[in-house]
Each structure stands twice: as C-alpha cells, then as structure tokens.
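As given in Swiss-Prot:
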{"type": "REGION", "residues": "1-21", "note": "region 'Disordered'"}
{"type": "MOD_RES", "residues": "Ser14", "note": "phosphoserine"}
{"type": "TRANSMEM", "residues": "40-60", "note": "transmembrane segment"}
{"type": "TRANSMEM", "residues": "151-173", "note": "transmembrane segment"}
{"type": "TRANSMEM", "residues": "178-200", "note": "transmembrane segment"}
{"type": "TRANSMEM", "residues": "266-286", "note": "transmembrane segment"}
{"type": "TRANSMEM", "residues": "306-326", "note": "transmembrane segment"}
{"type": "TRANSMEM", "residues": "331-351", "note": "transmembrane segment"}
{"type": "BINDING", "residues": "Lys358, Arg362, Leu395, Trp400, Asn407, Tyr408, Asp447, Cys451, Ala452, Asn453, Lys454, Tyr455, Tyr462", "note": "NADP(+) binding site"}
{"type": "TRANSMEM", "residues": "420-440", "note": "transmembrane segment"}
Amino acid sequence: MAAKSQPSAPKTKSTSGLTNGNAAAQGQWGRAWEVDWFSLASVIFLLLFAPFIVYYFIMACDQYGCSLTVPVADLATGRARLADIWARTPPVTAKAAQIYTAWVTLQVLLYMLLPDFCHKFLPGYVGGVQEGAVTPAGAVNKYEINGLQAWLLTHLLWFANAHLLGWFSPTIIFDNWIPLLWCANILGYTVSTFAMVKGYLFPTDARECKFTGNFFYNYMMGVEFNPRIGKWFDFKLFFNGRPGIVAWTLINLSFAAKQQELYGHVTNSMVLVNILQAIYVLDFFWNETWYLKTIDICHDHFGWYLGWGDCVWLPYLYTLQGLYLVYHPVQLPTYYALGVLLLGLLGYYIFRMTNHQKDLFRRTDGRCLIWGRKPKAIECSYTSADGQRHHSKLLVSGFWGVARHFNYTGDLMGSLAYCLACGGGHLLPYFYIIFMAILLTHRCLRDEHRCANKYGRDWEHYTAAVPYRLLPGIF
C-alpha cells in the first residue's frame, strides 16, 4: 500500500559460498521464491481483513460519528446487529459508477495520450520520457513522467467547475463516498486479478515473474515484476500515482466544501490538513522521476498489495483526517495550529532534504558538497541477475550520517502533524500515524535485510559507520 519510499534496488538473498554481494546472480531478487508460514499467515490475514478495516472506519464515521468503540460495544451488548449496520450502509449506485468510471478514464487518458510539457517551462522539474532502474532481467524500462501535469489539469478542471461551470457540486465526492468505495473495490480486485492472470499467461517479461506455488501469496504479492500493456502503460507507475494520489487532494477539497456547506465556514484544522497533505502530493509528482528508483518500483511485484491498496486503502484511509473534520469541525487555538504547521513543515524539510542529499550524491558521483563538506561514503559492490558486476556508494554524510533511514523519520513527523491537526477527541484520525509507523518500520527492516544480502560485508561496514536506523540514540 502506497507510501513514501527511499531509493532501493531488487532484493537479494544471502547464499553460503557466494562472494560478497553475489546472491543476485542466483536469481534472488524481488519478493521471496518460497513462502514461510508467517508470511502466508500475514497474507491471508490482510486479504481477509484489510477490506473490512477500510469498511469499518468509513462506516464508523457514517453511522457512529467516527467512534471506533461504539459499534463494537453496540454489537457486544445486543443494541445492534451486523445486519442492521449493513442495512444502513449505502449501496453502490449508478451515479457512483458513472463518477468513478469517468474519473479513471480521465486519468488513463491524461497518462497515455498527453506527453508531458511541464518540464519545458518549470525550472528544476524532470519530466517527459525517463529511464528507470536496471530490472532483474537487465533491462531499463522507459516511462512517460507526466503525473504533475495530470494533477495540475485535473485540479484546474475541478476549480473551473466549482467557480465557473457548475457541472457538479464540489461536495460530490463526500456525498457519494461509500458508493464510490464499492466502485474502488471493484477496480482494485479487477486489476489485481488481471495482473495475476497476465503473469501466468502473457507476461511482459517472463524472466521477471515469480511463482511460489501458493495462490494466496502470488495474488497478494504479485507475479510480474513490471507488468505493462503495450510500450507505455506501466501498472506500477499508473496505479501508484493515479487514480489514488491525484484524487487525494480532490477528496480533501470535497471534504472542505462539505464542511463549508454544513457549518458555513472551513476550520483552521481542515485548512491545515489540506495544506500539509497537498505538500506531500505535490512533492510526489514533482519528484516522480525519483520515484522510479524507490522500493515500490525496484522491489515490489504488482499484485493485490499494490493494485487494491492504491485503489482503496490509500484514498480511503489516508484521507481520514479530512473525513473526521467533516463530522467534528475542530477549530484549533492559534498557537496549537502554528505548532502543528511547524511540525509538518519540519518533517517535510527533513524528508525532502534527506532524499535530495542522496539524489545529489548519486547524480554527481560524490562530486558535491553536503552541509558544506565533501561527502563521505562506503564503497559497495553487487552482481545483478544478468551476471554483471555493479558498484555503489552508500552515503554516510549529511542526514544520512544521522540515521540510515532519516527520510522515514521526517515522513513520520509529517504524518503525526496530519493527525494532531484533528485534536484529541477521537482515535480514528490517528490511525494514519500508527499505520505509517508500522509500515515504515517494516520497510526499514525489509530494506536492510535486502541490502545486507545484496552488499554482504560492505553493509556491515556501513552500519558500523551509521549505527541507528530511524531515531538517533534509540533505534
């Protein structure tokens, strides 16, 4: 399920008798070839309960004022039955299906038919046709980077409708939120199933497919590494960025419009949530080329985890703060609001500058200054699946000398700010920081396991130079 990543590479596995960093030569990349019992249990748990978790949170707001405990208490004491809760849940509607179909169609058209022009006039922005990382099969895929353009055009249409055209109400997303949930699930399951069938019958590159022999694991984690239709429609890039992340800011705007409609004003907490989350969304699309070197693209196969997660989990659970504020319009004291804003901006600064330092170091091959000094690095080497020897440098200067994943630390600070903007009245808006802490800690450990196998003894030298993962002096 989508989240901010750090530059990564295909996973490797240590094998006795192999030289340092040579495991990749044995085909150990991407997700696991074999499934242990814990991984299988985790996969089955997520397949069964992740859709229920999304439904429970949205239902709790719709029927119980965003309380997570009252529905359980009502069921436990007999004051409500599951059938009663389900009966009060809005079903899928023809209107919601039309809205969602139009939305996805628009994003596909913007992705496929409109080459990027933003890079021609925006200084510093890298768009247009770009190359990704070397794949396990030794290929270098090309991508049309036009996410920022799609975001700008989509929001231009949104504001033109709101202020000039009047084709639909700005509250249209909130007003159809649960019916749209069923549509998002249909797309999520459809694309995940199609991707699995494609991996078996007509993969883009059969050398980059993995089969464990376990249906549930293959479905969840994916079979194909880089599934594509034609030359340019890349499943990972499209579903990671569109339709979920482009929609993120539109969803928040619709929630703000609903707050205005219900109460006659928009609270400073809603403004904070819209601003802080919009900063992340814009950062994602401004740095979409950098995203090609992250874990999602360079490590994960495309399965239900990404397909359903990007269609359902991301747009519905990452926007809980705005949804909560529709039901509970919190007006924060000025000092508190400023504190939340500063926390969010500081977290973003750390997140962005940490990634910028690594990107600068890689682009210049170390011929640069970080914090006014020549950067230091640990020299590493590894072998890719095609047998070629590669050399890398692991940066140990700047923020990368503070902790090995300090970009995640900044990410968590920003995530906490989103939640703090909602005050302390309910647990529901704090789900995001809890989820992100678990997700990023898991990614941190997973990436370190992969790097330890990939770089071997060189990784030990790196961890000795930078001993902490996320929190200096603690973890």
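Cβ coordinates come from backbone N, Cα and C, glycine included.
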> Among the binding-site residues listed here, Leu395, Ala452, which has the most company in the form of other Cβ atoms within 10 Å of its Cβ?
Replying inline: Leu395
> Do any residues of this chain, six or more beyond the ends of the transmembrane segment (420-440), have a C-beta under 8 angstroms from a C-beta of it, and if so which?
Replying inline: 1, 3, 57, 60-61, 66-68, 269, 272-273, 276, 317-318, 320-321, 324-325, 328, 330, 332, 337, 340, 343, 405, 408, 411-412, 470
>> Given a Cβ distance threshold of under 8 angstroms, which distant residues of the chain, six or more beyond its ends, lie next to the transmembrane segment (40-60)?
In response: 66-68, 70-71, 85, 89, 177-178, 181, 185, 214, 216-217, 219-221, 304-305, 308-309, 312-313, 316-317, 320, 323, 428, 431
> Residues sitting near the transmembrane segment (306-326): Cβ under 8 Å, six or more positions beyond its termini, same chain?
Replying inline: 1-2, 50-51, 53-54, 57-58, 61, 66, 174, 177, 181, 184-185, 187-189, 191-192, 195, 222, 235-236, 239-240, 243-245, 247-248, 251-252, 255-256, 258-259, 262, 267, 269-270, 273-274, 277, 296, 300, 418-419, 421-422, 426, 428-429, 431-432, 435
> Tyr462 (NADP(+) binding site) has how many other Cβ neighbours within 10 Å of its own Cβ?
Replying inline: 22
>> The record lists Lys358, Arg362, Leu395, Trp400, Asn407, Tyr408, Asp447, Cys451, Ala452, Asn453, Lys454, Tyr455, Tyr462 as binding NADP(+). What's the largest Cα to Cα distance among them, in Å, rounded to a whole number?
In response: 22
> How many other Cβ atoms sit within 10 Å of the Cβ of Asn407 (NADP(+) binding site)?
Replying inline: 26
>> Out of Lys358, Lys454, which of these binding-site residues shows the lowest number of other CB atoms within 10 Å of its CB?
In response: Lys358
> When DSSP states are folded down to helix, strand and coil, where does Leu395 (NADP(+) binding site) land?
Replying inline: strand
> Which number gives the other C-beta atoms within 10 angstroms of the C-beta of Asp447 (NADP(+) binding site), all protein chains shown included?
Replying inline: 23
